[in-house]
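Pulled from TrEMBL:
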type     : residues  : note
TRANSMEM : B:48-65   : transmembrane segment
TRANSMEM : B:104-124 : transmembrane segment
TRANSMEM : B:136-154 : transmembrane segment
TRANSMEM : B:161-180 : transmembrane segment
TRANSMEM : B:200-219 : transmembrane segment
TRANSMEM : B:226-245 : transmembrane segment
TRANSMEM : B:251-269 : transmembrane segment
Amino acid sequence: MDSAVILAAESPLAPNLWELLVTVAGFAVLMYIVIKFVMPAFEKTFAERTEAIEGGIAKAEAAQAEANAAREEYKQQLVDARTEANRIREEARAEGAQILAELKEKAVTEANRISAQAEAQIEADRQAAVVALRAEVGTLATELASRIVGESLADDARSARVVDRFLADLEEQSATQSAGAAK
Amino acid sequence: MIALALPAQTTTEEGFVPPTIEEAHPPNILPWNTEYGVWFAPGFGKQMLLVILSVILIGAFFYVASRRGQLVPGKLQFVGEAAYGFVRNSIGKDIIGGREYLKYVPWLFTAFFFILVNNIFGAIPLLQIPSFSHPGSAYAIAAIFYLLWIAVGVKKHGLRYFKLAVVPSGVPWYIMPLVVPIEIISNFLVRPVTHSLRLFATMLAGHLIVMLAGSAIEFMTLSGNVLLQGTGLLVLGGAVAMYMLEALIMVLQAYVFTLLAAIYIEGALHADAH
């Protein structure tokens with residue numbers, strides 16, 4: 001029996017030196033395996049899993065944000081399009097009103113121009129008529145006077161007939177003349 | 001050969017010889033063993049072989065379980081992760097906490113499964129001995145953690161750690177002469193002793209009880225006395241119950257040892273807050 005055995009036999013609390021060493025060595029080897037292989041592998045897996053879950057959430061959030069942005073943009077475009085349409089409509093209305101006003105003005109101007117022209121024409125015709133009439137009246141008066149003188153004024157009846165006939169001629173002539181002017 | 005505190009070894013006419021603590025030491029394995037060990041390693045017996053076996057089993061299991069590292073774990077990886085996660089989170093994170101707990105997880109993880117598997121060896125037929133029922137192993141593993149938490153404290157607080165550890169804050173000066181020696185004794189002397197003896201004693205006691213029951217059953221059955229044989233049946237029932245209890249204690253003690261180790265490390269880390 002060596003000393004270790006005697007010691008072990010003496011007290012149940014006395015350690016066997018070799019058991020002590022084997023335990024420490026075993027613990028050290030196990031510790032090495034754990035630090036070198038087991039723990040990094042597990043921690044890596046945990047981290048990857050966390051990342052996968054959090055990455056998934058982040059991705060979903062990004063997609064959500066993108067969808068929101070697209071919707072906002074669409075809404076904005078819709079609003080823009082409405083504004084644009086309103087603006088165009090307003091413009092068209094304003095333009096239409098302007099065109100209408102212009103046309104009206106033009107029409108009024110044209111009407112004025114036409115009526116002024118007509119008035120001038122009428123005035124000119126009247127002047128011409130007056131001139132022509134004056135000349136004719138002179139001629140007629142002269143003719144009438146010569147006829148009257150030429151007929152020798154035999155009686156009043158004849159002279160009255162002459163005057164009537166003259167006036168009738170005159171009327172006829174004036175009617176013909178006005179018809180010609182109206183032409 | 002001296003019996004432990006078992007019924008005194010008597011030579012009565014019944015002739016029942018209770019098993020001694022020596023019988024708790026398993027037989028030699030190698031043929032060239034000296035009486036209790038080999039020539040180059042006296043005392044190299046079954047217990048040491050089991051310690052080595054446990055290292056191989058634990059190392060191989062967790063190496064294989066952790067190697068694949070898939071996001072969706074298979075059965076083996078799931079078991080490995082659950083076991084690792086238990087020590088990491090339930091002991092390391094909950095007790096030590098903070099950001100530094102991860103540094104001590106390998107110590108706690110190794111200790112827990114080292115002790116657990118070596119204890120459970122005691123409940124497996126043929127192996128049938130908890131390695132930590134031998135005081136040498138229990139002293140060794142407790143000493144490792146004793147040195148670890150002192151080193152942690154010194155590294156964190158410098159030599160001031162010893163003052164922080166034994167001088168509690170908020171105690172009136174006139175009580176100090178009483179408190180400081182108590183703290184020194186309780187923290188630096190008693191703590192490693194209880195840490196190791198708790199494990200060793202529970203394992204040895206459980207082992208002895210089952211062994212004693214076994215030898216009693218054998219004696220009673222072979223006695224030829226019908227009454228004794230009947231009693232033997234009762235003892236058998238009791239032995240099975242004790243075996244179950246011992247199996248529970250094997251798991252519990254592994255947990256308790258690791259939990260205390262974590263508490264000691266936490267205490268050393270946060271010595272200034274205590």
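Keep in mind that glycine also has a Cβ here, set from the backbone N, Cα and C atoms.
Whatever TrEMBL says is automated annotation, not expert-curated.
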One stretch in B:136-154, B:161-180, B:200-219, B:226-245, B:251-269 has more Cβ pairs under 8 Å to the transmembrane segment (B:104-124) than the rest, namely B:251-269
Count the Cβ pairs between the transmembrane segment (B:200-219) and the transmembrane segment (B:161-180) that lie under 8 angstroms and are 6 or more residues apart in sequence, then report whether there are at least 3. no
Below 8 angstroms Cβ to Cβ, which residues of this chain, lying six or more residues outside the transmembrane segment (B:161-180), approach it? 150, 153-154, 187-188, 267-268, 271-272, 274
Where else in the chain does the transmembrane segment (B:136-154) make close Cβ contacts, counting only residues six or more beyond its ends and a cut-off under 8 Å? 47, 51, 104, 107, 111, 114-115, 118, 161-162, 164-165, 191-192, 195-197, 199-200, 203, 257, 261, 264-265, 267-269, 271
When you scan the chain for residues with a C-beta under 8 Å from the transmembrane segment (B:226-245), skipping those not six or more beyond its ends, what do you find? 123, 206, 209-210, 213-214, 216-217, 220
Beyond a gap of at least 6 residues from its ends, the CB atoms lying under 8 Å from the transmembrane segment (B:251-269) belong to 87, 91-92, 95-98, 100, 104, 107-108, 111-113, 115-116, 119-120, 132, 141, 145, 148-150, 152-153, 156, 161, 165, 191, 195, 198-199, 202-203
